[in-house]
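Asks: Let me begin by handing over the structure; questions about it come next.
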Amino acid sequence: MDVGQMQRQLVEYTKSLFIEGYLDSQFLQLQQLQDESNPSFVAEVVSLFFEDSERILKDLTFALEQKIIDFKKVDAHVHQFKGSSSSIGAQRVKNACIAFRGYCEEQNVNSCTRCLQQVKQEYFIVKNKLETLFRLEHQIIGAGGSIPMVELSF
Amino acid sequence: MNLSNNVKGSMSTASSSSALKSGGDGAGAVDQFPAGLRVLVVDDDPTCLMILEKMLRTCFYEVTKCKRAEVALSLLRENKNGFDIVISDVHMPDMDGFKLLEHIGLEMDLPVIMMSADDSKNVVMKGVTHGACDYLIKPVRIEALKNIWQHVVRKKKNEWKDLEQSYNSTEEGDRQQKASDEADYSSSANEGNWRNAKKKRDEEEDAEDKDDTSTLKKPRVVWSVELHQQFVAAVNQLGIDKAVPKKILELMNVPGLTRENVASHLQKYRLYLRRLSGVSQHQSNMNNSFISPQEATFGTMSAFNGIDLQALAAAGQLPAQSLAALQAAGFGRSTAKVGVSVPLVDERNLFSFENPRLRYVDGQQQHLRSTKPTNLLHGIPTNMEPRQLTNLHQPTQSLGGMNVNASTAQSNSLLMPMAQSQPRGQMLNENTTSHVPRLPLSVGQPTVPNGISNAALGRNGIAGNNRGAAYNPIPQTTTLMASFPANQATEMSASRFPLGSTPGISGIPPKGTFQEEDTSGIKGSGGFVPSYDIFEELHQQKSHDWGQNVGLTSYDTSQCVNLHGNIDVLPSVIVHQSFSSPTQQTGQNRDSTLIGKAMYSQGKGLEQGNLQNIDQNLHQLVENPARVKTEIISDVNSHSNFFPGLYGQDDLMSALLKQQEAIGAAENEFDFDGYSLDNIPV
């Protein structure tokens, strides 16, 4: 595959992520923040997000496994996860968090557990997608090409 | 410095930082500002923290990030002046964001922006009540961060203004303060206090010039000591509550003294008494502030000439007196002085200001509207005042001190729009803090506009006064007035200069009629009332419209003048109204004085009926500020015409339209010499 092809592939892939709702305009903002002086800004932020998310998910799982569930704490975790995912632009994760918070308010254990599963699922999906994206970018750069700007109108 | 080179934001060089620190270095700071703004970001979420840092750096700000609130606090404590603004997350594990906000507010008094993924209303409200200057919803976009510097500037301005106020023990100081206030209100883009200072200086110079000319113009009633003593004796004899101008006049039995003279003087006296009885210093401050705004507004009126001076003289005289009284009380001056010359100067200054002041005026007006509707009326014909006062009061509450109380007052409507747009934010804050019993004006917004309006009023018609300026005078009076029962409103009206009448004192008498319940007088108010209503409506509904319209004044002088005139008129009207009914929102308080009653009854009818209409009209007005002016001005000029125009929204609108199209036409209507619509005859 030549650079041109890889670039096109990257563009298509990126577009599909937006169209399918995995990413939203906030991710574009991040991409716009990236420049020559900070060429791997997006990758850095995203990896930071991964680290942080895994910590939060672990805490969440732990909190929901308790005999007596502290819903306030659960809600706080979910809230934070919502914040970070929205800052990254991980739209589906964010939406799952919003639903989760609703059930936290109701203090519905079963629904919360279900929500946690959903959030985890969405998170791993978007993580996968982003990692693929970065891989594609690396390939292009490795082949001497430059990352094309994805034109999207939101 | 090459900002562009520093993507990381490390560009906030010492120079820019220091410039920012000094808050108004002038050119230097302005050039670089807001680059180099020192921001402290506190968030336990590392992802957000990193993104925010990057965004802020892209805006050329100097960023320090912090994961924990405790660390942030210690950082702030160690470098008291090390930061310009703080952005903090709401939900943090070690300390609640609001707690941090409180600490910062108490200890460092820095502007704090709250941030959260939570956008529920109660959380945002919490931010407001805890004193956050802004609330951002996550995910934060870079556009939102680009403008955070406005909070720094705004805070600095307010601080500067407060300092000014506290130091100002003279009218001059007030004027300056007004200038600064005006600056504050005019736009958040004001950079540095140097502008204010500059303005003040200009104003002062202008005022002085004006003084000379104005004294030559109109024959004014000089309240000498004996005269005043006679007056006081009469008032005491009648009882302060029962003291009405007519009776006072009879008791005094001074040849050549008109009821209007007495009425306006009574107004001032009442305000003075009120002040003595513990009126907040706000009013004093406000008065001061008024003075400056007036100056500013008058500046715009630079188009005026002889007439202005006369008006000023006339207006100045009266307001001066009241102002003197007020100020004296506030500043320890002897209140006995009736014809304080100083206030006059202030007013004159107002007149002498250039159009640039308009800007402030607008802002001020907004302030005025919100804070003190009454003050505006200072110089405004008495007719309007009572009515306006009531109106003013009411709106003030709602607006947070918006002068708008005079929902009915036409001026309110006019004023409100103007005041609304800008001062809104500011005024609201201020209003809430100040006591508003009187008029939201107390908010401490010196409502420069009021002062100006007063000055404008004196001029014969607020003619073209900067809207802001016009308002200032009024707010002052209104505040004072507000505290007094409606009676005072009458006073105010009396002392207010006839707006529309011929320049000079002659114009004033017509106003006096208001107080006396003359139908004519009432008409005047009536006329105004519509505008109030309009404004009120406008204000409430479209705060922005007016703000923009107010800006109208920027059009050619003639137009502007008119506008100002209108506005001025309104403020006074509003002021009156507010006084009469501080609490009433609709300005329905009429019980205070006869005049008030008379006015109210008229205005009331108008208001209610016209409110709706006015509202619509206001829209129109808003769009055609000039129009409004014409309406008002024409009304002012001819008492008889005054009301008709005001009453009919259609008339008003048409008047405005007319004005827009042909300011000259408007001129014909008025008697002003050489002024086009500038003076709103009262």
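Backbone N, Cα and C define each Cβ position, glycine as well.
In TrEMBL, annotation is done automatically, which means it is predicted and not curated.
Below are the features listed in TrEMBL for this protein:
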{"type": "DOMAIN", "residues": "B:38-153", "note": "domain 'Response regulatory'"}
{"type": "MOD_RES", "residues": "B:Asp89", "note": "4-aspartylphosphate"}
{"type": "REGION", "residues": "B:165-214", "note": "region 'Disordered'"}
{"type": "COMPBIAS", "residues": "B:172-181", "note": "compositional bias 'Basic and acidic residues'"}
{"type": "DOMAIN", "residues": "B:217-274", "note": "domain 'HTH myb-type'"}
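Can you walk me through where each of these features ends up in the structure?
Replies: DSSP states for the domain 'Response regulatory' (B:38-153), grouped as helix (H, G, I), strand (E, B) and coil, give 53 helix, 24 strand, 39 coil.
Taking a C-beta cut-off of under 8 angstroms and a sequence separation of 6 or more, B:Asp89 (4-aspartylphosphate) has the following same-chain neighbours: B:Val42, B:Asp43, B:Asp44, B:Asp45, B:Cys48, B:Gly97, B:Met114, B:Met115, B:Ser116.
Counting residue by residue with DSSP, the domain 'HTH myb-type' (B:217-274) contains 39 helix, 0 strand, 19 coil.
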Asks: Within the domain 'HTH myb-type' (B:217-274), what mean pLDDT does the predicted structure show?
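Replies: Mean pLDDT across the domain 'HTH myb-type' (B:217-274) comes out at 82.
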